[in-house]
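If you check TrEMBL, you get these features:
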- A:20-40: transmembrane segment (TRANSMEM)
- A:52-74: transmembrane segment (TRANSMEM)
- A:105-125: transmembrane segment (TRANSMEM)
- A:131-152: transmembrane segment (TRANSMEM)
- A:173-196: transmembrane segment (TRANSMEM)
- A:225-245: transmembrane segment (TRANSMEM)
- A:266-294: transmembrane segment (TRANSMEM)
- A:306-325: transmembrane segment (TRANSMEM)
Amino acid sequence: MAEQRSPGTVPTPRRLLERLPSITVLGPFVALLLAVLFFSAQSDRFLSGQNFSLILQQVLVVGVLAIGQTLVILTGGIDLSVGFVMALGTMVMTKFAVELGLPPLLSVLCGVAVTTGFGFLNGLLITRVKLPPFIVTLGTMNIAFALTQIYSKAQTVTGLPDALLFWGNTFRLGETVITYGVVLMIALYLLVWFLLSETAPGRHLYAVGNNPEAARLMGIPTQRVLLLTYTVAGLFYGIAGWLLVSRTSVGDPNAGQTENLETITAVVLGGTSLFGGRGMILGTLLGAIIVGVFRNGLTLTGVSSVYQVLITGVLVILAVTADQLSKRRG
Amino acid sequence: MEFRPNPQRTPPPNPDLPLDQARQPVTQAKVVLEARGLVKRYGHVTALDGADFELREGEILAVIGDNGAGKSTLIKALSGAIIPDEGQIILDGKPVHFRSPLDARRYGIETVYQDLAVAPAMTIAENLFLGREILKPGLLARLLRVIDKKRMLEEATNSMKDLKIGIRSMSQAVETLSGGQRQGVAVARSAAFARHVVIMDEPTAALGVKEGNMVLELIRRVRDRGLPVIIISHNMPHVFEIADRIHIQRLGRRAAVVNPRRISMAHTVAVMTGAMSPEELSPDELAH
Ligand SMILES: Nc1ncnc2c1ncn2[C@@H]1O[C@H](COP(=O)(O)OP(=O)(O)OP(=O)(O)O)[C@@H](O)[C@H]1O
Ligand SMILES: [Mg+2]
């Protein structure tokens, strides 16, 4: 019987490497804490409830999109169609409501059905035709973009009914004004966290990402898990679209163009491995907030937005490096 | 390669019994899993060419053979990973038709795959219950398929205790274990769920001497709990150390079943490679 290494022995380089997973867990917290401390020192407007509420509103859409992206990345895949599929969904919602005059909630449902359908299509192509997720979603990204432009004739939709703007409504918590959308985002994160960590389908998603062949041999319907994952991701893109419409009060055919990379940034900063099978959904929320804090803080301290992009890039490289190092261990 | 029988493993003939019964005490044991005339073709390659197979109650049966002899194909047919073109598989005297590994598992046949089939980032407890998690009671919990982590942890601890695998915490990730311990987890998983048969494809390959011995010891414990075990191995000393009978697979068929307590390693290898025909073996060397 191989003996166990007893805890508390002298830290060798190997022992330090073994602790890396905890670095990927703690990393996001530390990064967030440092950023908050730094910006609080730089600007006295930074550390206020109202400013944090604003940051949350700014990360709302990317935050909900990143839930779908996290699910996909946990299976070892990637989704490049995220922002463009959402944009198509918002065009369907707004045009159905404004131009076809459908009841607003039915229009929302149609928009969400379109994004969910796109997720299903991604899943179908990946599981049935066995194409790599990267290529499939690159293709559907372009299809969604083109459909958005064709359908909207590149026109912005305005004059939206109130129901479409619902998530922009606010309530007060003490001094701070909070939108319903922020509450929805946090609720969705908690729900997905529960499903991933406490239910059999959630654990199967991790197993499929961690070792697909083992999952298959253990009787997990791996193809069905993948198909369901991409479909559910599409559902979240639709919800994110509704949140976007609520925030901006328009249907914008050019929305969602930077969101792909931003969701991947949030996922990676949150400590989820791009190799699949490892990571936490709540880390993604932290990752999204980190990006938001940097944006907001740098803007408040009057730093040009080019530096914001630079710093985000450096953060992503750091996070991916930690991921790669912890994978190499053992 | 000279083989000297291990004196402890060679029981003295019992003078009170008729000669052939004294030598083959397992003859009366019930047949648990049987295959007749299995054929499996891949294009024009015939992997199985009318293979027979017989596993008896409470035994460790080793399956040996040259590369390409059809061992893995035979075992895959028995574990539902492939469907044979011809022939039948009989479990407890009844014909069965496995269409997937899941089918075979429903009949209590568990397989330890050569690459172990574990999810390294997940905990030992999760790996033990992968694909058959214990769910919490209650309508909503059933609907959402909420898992009972506490019970899974307890039962994992118990089944590992049964097999005396020295792992402290069932909530540690499998990737933190040594190779031997991981193999132990895979063996424990099959032992914990098997009701009928445990199949192991090369369970000691790529293990150190110490880890290899640990897994052999585990296999014996599984057998001693009453489960028959099929083990594929290229490691002759291991085979002779652990097997009650040895199934020699050659050219897609069963060439012979021999008795490791009576036959030399040299003769076994000769039959396996075709240097010696099974008819040249003395009746004493065969297992009946
Ligand atoms: N999926 C397959 N497709 C084509 N041929 C196959 C396939 N599986 C097995 N074969 C062929 O069937 C024959 C028997 O293969 P099998 O894997 O059963 O041998 P084995 O006894 O397990 O050999 P080894 O000791 O190398 O594992 C070989 O000639 C092999 O090439
Ligand atoms: Mg083989």
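Every residue gets a Cβ built from N, Cα and C, even glycine.
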Per Cβ pairs under 8 Å, the stretch of A:105-125, A:131-152, A:173-196, A:306-325 packing most closely against the transmembrane segment (A:225-245): A:105-125
Feature contact check the transmembrane segment (A:52-74) with the transmembrane segment (A:266-294), CB under 8 Å, 3 or more pairs: yes
Tertiary contacts of the transmembrane segment (A:173-196), as residues 6+ beyond its ends and Cβ separation under 8 Å: 49-50, 52-53, 56-57, 60, 63-64, 67, 70-71, 74, 166-167, 202-203, 205-206, 236, 239, 243, 246-247, 280-282, 284-285
Beyond the flanks of the transmembrane segment (A:131-152) by 6 or more, those residues with Cβ under 8 Å of it: 72, 77-81, 84-85, 87-88, 91-92, 95, 118, 121-122, 125, 251, 253, 260
